[in-house]
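See below for the structure under consideration.
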Amino acid sequence: MLPRFRSFYGKLIIFILVALCFILYSKVQQNGSPEEPPVAPLVRAAALRGHGRERFEAYSDSENEIARPATQSPYEQIIQLDLQKQKVGLGEQGVAVHLSGAAKERGDEIYKKIALNEELSEQLTYNRSVGDHRNPLCAKQRFDSDSLPTASVVIIFFNEPYSVLLRTVHSTLSTCNEKALKEIILVDDGSDNVELGAKLDYYVRTRIPSGKVTILRLKNRLGLIRARLAGARIATGDVLIFLDAHCEGNIGWCEPLLQRIKESRTSVLVPIIDVIDANDFQYSTNGYKSFQVGGFQWNGHFDWINLPEREKQRQRRECKQEREICPAYSPTMAGGLFAIDRRYFWEVGSYDEQMDGWGGENLEMSFRIWQCGGTIETIPCSRVGHIFRDFHPYKFPNDRDTHGINTARMALVWMDEYINIFFLNRPDLKFHADIGDVTHRVMLRKKLRCKSFEWYLKNIYPEKFVPTKDVQGWGKVHAVNSNICLDDLLQNNEKPYNAGLYPCGKVLQKSQLFSFTNTNVLRNELSCATVQHSESPPYRVVMVPCMENDEFNEQWRYEHQHIIHSNTGMCLDHQGLKSLDDAQVAPCDPHSESQRWTIEH
């Protein structure tokens with residue numbers, strides 16, 4: 001055959017192949033919309049969740065069945081289908097997205113199982129923008145990228161939705177300074193989700209800049225704490241930045257953290273943590289003018305608190321920048337997102353390696369950092385969005401209360417005599433067999449010459465209410481002629497609720513732990529007693545969040561076994577009431593037995 005004919009037929013074949021590819025692509029894309037994307041056909045991982053990592057099968061739609069080419073990786077085809085499902089522009093700037101039709105049904109069904117709309121997540125691009133929610137003053141900051149310490153970002157995952165994990169990775173790559181971001185270390189804590197195996201390896205190998213992402217796979221599930229230690233051991237950056245596997249960063253969130261550690265290597269830093277809705281993926285904030293810092297509750301749980309006025313005054317005195325963007329001291333940290341000098345992390349004791357699973361490690365590190373000479377600071381110009389779920393979709397090994405057991409270990413080492421208040425709130429942990437030996441952590445405290453928990457409360461968190469100090473009485477508020485006690489009925493203390501009545505427990509329980517303060521406030525740990533404004537009975541006792549200044553909390557008096565509300569002059573009364581009824585006040589009657597109460601201590 002003459003050369004010109006060979007050339008002609010060659011071009012014709014290429015033209016036909018291109019035309020076929022275009023027709024196939026058009027069929028896949030037709031009828032697509034942000035509300036109801038086309039179902040990706042053809043090659044799929046078998047179930048793609050909960051099966052062996054290497055099992056694949058052919059998938060066919062009503063019209064086509066396409067065999068897997070022998071020369072092409074099956075993961076490439078699957079990843080291409082994943083990318084086809086994504087809708088460019090969907091959810092950009094962090095706006096909410098609402099699915100409809102079959103996609104909504106799929107999303108709702110998945111949400112019931114894992115508390116996250118994975119159907120929607122798969123339609124959002126991995127590198128979507130979430131907007132710039134920083135204080136405008138932050139944009140004026142300048143950092144010398146050549147002199148910033150380098151960062152190793154450590155992300156632990158266990159059966160994290162594939163698309164959510166990759167969005168965390170891509171967000172980190174696109175929002176952190178390229179020179180400063182040395183590496184991202186993904187630690188697989190024993191996942192059995194097929195997508196997180198060889199498919200993830202292939203994606204990282206083919207679509208992430210070489211050397212930027214390392215995947216460390218643990219043979220057995222170790223839990224968050226030990227998995228983080230495994231990641232930290234192989235990190236090579238100057239700074240460790242720990243992130244949860246479901247985060248998206250704001251513009252320039254890394255640099256302020258690295259700059260502050262450059263200035264103060266014993267400062268442990270947390271960004272402002274914004275909320276990404278687990279259902280519609282909306283990125284929301286409380287604005288840039290105010291933010292909260294970390295506190296704790298006496299039952300060992302982390303708590304958010306408003307920035308104390310005392311801290312605002314310290315910022316004005318000590319900070320050279322505008323106060324709104326100054327580092328703010330935080331008594332504790334949530335623990336999911338923070339930055340720490342890598343060498344200091346090991347010097348100050350890293351994590352308690354005998355803690356299992358998850359929970360308690362954040363307060364342990366918080367108290368340890370403060371008591372041993374460091375600081376915990378919130379950096380206002382660093383903002384990261386985090387998906388908060390309604391429930392935890394994964395069980396912990398052996399269904400143990402790892403949070404409670406870990407917190408008890410923490411309390412034994414760091415809380416000194418205040419451990420008694422912890423056990424008042426968690427009596428079930430006082431003699432728990434699984435707490436284990438804490439000798440090596442006590443030795444660490446001695447080695448580091450750390451301060452007392454009394455010092456911590458006095459100097460770092462003086463706003464924290466101590467139920468047994470500066471009080472006229474504390475414990476159960478017990479009716480004299482009945483086995484009935486004042487009780488919070490386990491209600492949500494983040495908003496006002498009606499106090500109630502309940503049979504007195506043999507052992508003091510958290511729900512019946514009240515204090516009558518020296519400033520005449522009747523309260524529990526977080527809420528103060530008031531009386532509902534009403535034109536007629538019943539006059540209910542309402543618990544409202546306490547004000548930092550006791551002058552603004554309503555006053556009560558305790559006289560001759562009567563608990564009297566100062567504003568109304570009425571007395572706490574259980575006449576005609578039974579268990580689970582709302583607590584009430586009534587006009588005082590010195591002869592009424594139902595108005596007589598004792599305070600336990």
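Note: Cβ is positioned from N, Cα and C throughout, glycine not excepted.
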Substrate site partner of Asp189, Trp358, Arg389, His392, Tyr394 (as recorded in Swiss-Prot), chosen from Arg217, Arg221, Arg426: Arg221
Binding-site annotation, Swiss-Prot, Mn(2+): partner of Asp244, His246 in His133, His170, His386: His386
Cys21, Cys138 - which one Swiss-Prot pairs with Cys381 by disulfide: Cys138
Candidate set Asn31, Asn127, annotation N-linked glycosylation site, source Swiss-Prot, matching residue: Asn127
Per-region confidence, the region 'Catalytic subdomain B' (327-389) (mean pLDDT, whole number): 97
